[in-house]
């Protein structure tokens, strides 16, 4: 037997493998037994989990597999038949459960795949919802920025503040590097850089408005991305090497300026736009987002609305300032006009008073001279002086009347009078002149013409005398007719309508003559002051050209109308006027029933023994008035001051003529003192008559308020003084010519 020197291993090769299998089966059994525990824990913790029975089946499969490996540990050594039987049973059960599990997975895997699909769909939906929520949050953020910007923009109505605030708020909200606004120039051919965010550019920088990039932006209402190198995007100097940020531009609609004049803005009637340019920071990867572009577009529209409001406000403010300037100018012009009117009236009043004093002397002395023995040549000269003086006095009256008519100070003095008697008096005044010219005058009063009427008797007589006087003056032959009737209707003038009522009517007076006539084209000039026609008759007749002008104003003051009709030169003319008069209630007797009767004193041709006191500071006027009264047979005493008058006046004096100088009321005080002197002997108080050259209404009112019995206007002729004394002694009151 051979001896072997080989080293025998500690573990035979099959035994080592058996050992490794033994250890592996042990750990496999432990792993299989731990998996069901974990599945049981998962199923217990899961509130909703489908296919629980599948998990139970799968757990049983794993437990059986683990049991098989565990039983297999006893098979590595000599074992009994029981172990082999258990091992065989475990493997059989494991095989059965494994097949059942495999068959079940064939049906379960499609369901599991559909669950996976739904899971993926839900994930996609969740992602889409996240995007929508992000969009909603972005829109909300954009809306918040828009509201904030709108509030800031509309917090003022100054367009410069609006535009500057817009750039600042956009720059802060969008974190811009630069933002600028280009405005159209006055010509509308260029855009001028007017506002920038960083104030890095001069305001005078301009670009042509026809650039392609500008046309591109103006052609749409959307914000447009433009090249950073375009002329309107060069908002900062290029220094160094860096990547320019993205630039967008949007148009800003400007208000139609055809209805507004805004300083320093183009006067355009077509639609124009401003250009807003926005630049993101340089050297950044930031890009414009959709919501940012929408924000820019909305802000541009809001700026357009705010600018329109500012333009309207600026125009209204400018109109208000212009209106205030006009009001100030009008007020200044009104004050200057009032000052001029007052100065004119004061001048006319002073001149009237001062001129009437010498006129009084001329007319009075001429009338006295006319009473003496004169040669025919001397009498003609005196009559010429007297006629010229009367004409000058009439001219002064006309000028004063016209002045008061123009400034509105002349008011009508309404009273009840006999209209028929008025026409007869006018006829008696005109007839002597007409008889000299051999012109017959006829008067025709309509049957329905009221006898007693309410109106201004003096002004109505002045109108009729002016018109009838012109007819006599401009007629060399033929006849003159005067007709008076109640106006029924009138279509002569479109702006004048006769509307009689129960309390008033319209009087129409027609004065027709066969004189020189008037050219139809010259008729409108007749009512212009100081205007005369060019006919020979007019030039040779004399006159100031004020009669018809004053008559027209008096007619207008009486709510009437006046016009002249003529077929031409040599065919005569007809003057027609309508005036509004009140209808008097009752007869003349009823009107005078309340007036106490005074015994009538016969009209005196001579006033012998009538003692008269004359008070006048002007020596010439005092002497002239005394001469008139002495010539009438009066015993005249003259004084030159109020104190002397008060000392001299006595009950022997029947009439006191006192000159009332202007202005003030000092000269009226003497009347009160005379009344006080005769308090106990009132029936023996002399009649007090103011002798004045002032013709305004205030003089009459002052005389009445201070107790004077009458007013006599200068100048006074001899015949006039005779009539005045007669009327004064008869009626014991006289307001002549006022």
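Backbone N, Cα and C define each Cβ position, glycine as well.
Because TrEMBL annotations are produced automatically, they should be read as predictions rather than curated entries.
Taken verbatim from TrEMBL:
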type	residues	note
TRANSMEM	20-42	transmembrane segment
TRANSMEM	54-75	transmembrane segment
DOMAIN	350-585	domain 'Histidine kinase'
DOMAIN	611-729	domain 'Response regulatory'
MOD_RES	659	4-aspartylphosphate
Worksheet entry | Overall pLDDT of the domain 'Histidine kinase' (350-585), taken as the mean | 78
Discussion item. Counting by DSSP secondary structure, give me helix, strand and coil numbers for the domain 'Response regulatory' (611-729).
Written reply: 56 helix, 25 strand, 38 coil
Discussion item. So if I draw a 10 Å sphere around the Cβ of the residue listed as '4-aspartylphosphate', how many other Cβ atoms end up inside it?
Written reply: 22
